[in-house]
Amino acid sequence: SVFPLAAGVFSVRLLFERFIAKPCALHVGIQDSGPYQAQPNAILEKVFISVTKYPDEKRLEGLSKQLDWDVRKIQCWFRHRRNQDKPPTLTKFCESMWRFTFYLCIFCYGVRFLWSSPWFWDTRQCWHSYPYQPLTNGLYYYYIMELAFYWSLMFSQFTDIKRKDFLIMFVHHLATIGLITFSYINNMVRVGTLVMCLHDASDFLLEAAKLANYAKYQRLCDTLFVIFSAIFVVTRLGIYPFWILNTTLFESWEMIGPYPSWWLFNGLLLILQVLHVIWSYLIARIAFKALIRGKVSKDDRSDVESSSEEEDMTSSTKGPCGRSSSNGAGRVNGHMGGSYWLKSKVVGMGTSA
């Protein structure tokens, strides 16, 4: 059963994050501490808990008169208080290092396995003798590990750092697990391995860029993000539709006809393509900002706010703001936001078949 294996993967992850990822994070200078703590204030805390975490200009002015504080100081307090509930950089680093390690290992395995597979070079081989195609040990291990990993992601999504794209990632994981399971049950494993490997090609680069960002290696972060963006767009908007969808939609129809599961299988694949377009748009926005600012800007899914966000909220306030956090956990300052982010995982079906 895949569930005991998924539980095993999750257990390995916990051990990996504690005994490998955490020491690595401390080695590169990430402190084992949370964001900067907001100054205790009963009035502001009551507003934060009971009314709003994002006060408008009118409320800010009212609080300013009540407390005899500058509006800017109150803005800073609310920002620090919001960041106070966010997980520290150390936690995010450990999560990303685990995903980076898995994606890199499974991608290397997939390339090694597919290099000697005939359907890697000729996609029409995916449908020869279908559905009577042998399931080799290498193919089975490839499938079961991918499926177990994504089941573990499904479970851990409710305990990991919450992102703004929680819903879209939940849909993505469901589509991924559905495709892997569906393709396995219907013995569409050949085309499934192509989809998995294709998606894994960019995932580890995304996590590597996040690791560099958390460690404040900005130039490395920017470089990795550019490489990731290029590979993501090429694989998800180029190779995926013209190589994968071409064989599942047209070559399969031509060789074996519209088999009963054809509609559902391709429907799931098309859902992934829609997600690819959405994530590509988000990536393009970040890349565009990078061209303007000269470096990768804050990711739209960032969990921790920068001081510039407060300035955008209320243009009438000016003046310096205090530091936002320790070890970069509470500020971005032009860096990529604390999580990309898109994982898409951007992972897709291979996130997988």
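Placed from the backbone N, Cα and C atoms, the Cβ positions cover glycine too.
Given the structure is predicted, the values throughout are model-derived calculations rather than measurements.
According to TrEMBL, the domain 'Homeobox' annotation covers 44-88.
Marked as DNA-binding region by TrEMBL: 46-89.
Feature annotation from TrEMBL assigns domain 'TLC' to 91-292. Within the model, the domain 'TLC' (91-292) carries an average pLDDT of 88.
TrEMBL lists 100-120 (among others) with the feature transmembrane segment.
Sequence-distant contacts of the transmembrane segment (140-159) (same chain, at least 6 residues past either end, Cβ-Cβ under 8 Å): 2-3, 5-10, 13, 102, 106, 109-110, 113, 166, 169-170, 173-174, 176-177, 180-181, 184, 189, 192-193, 196, 350-352. Taken from TrEMBL, the feature transmembrane segment applies to 140-159 (among others).
According to TrEMBL, the feature transmembrane segment maps to 166-185 (among others).
Marked as transmembrane segment by TrEMBL: 224-243 (among others). When Cβ-Cβ distances below 8 Å are used as the criterion, the transmembrane segment (224-243) is approached by residues 123, 194-195, 198-199, 201-202, 205-206, 208-209, 212, 272-273, 276-277, 279-280, 283, 286-287, 290, 296, 336, 344, 346, 348 of the same chain, each at least six residues removed from its ends.
According to TrEMBL, the feature transmembrane segment maps to 263-288 (among others).
Among the features that TrEMBL reports, region 'Disordered' is placed at 303-338.
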In the DNA-binding region (46-89), how many residues does DSSP put in helix, strand and coil?
31 helix, 0 strand, 13 coil
Give residue numbers and ranges for long-range contacts of the transmembrane segment (100-120): same chain, 6 or more residues beyond its ends, CB-CB under 8 A.
16, 126, 138-139, 142, 145-146, 149, 190-191, 193-194, 196-197, 200-201, 203-204, 207-208, 211
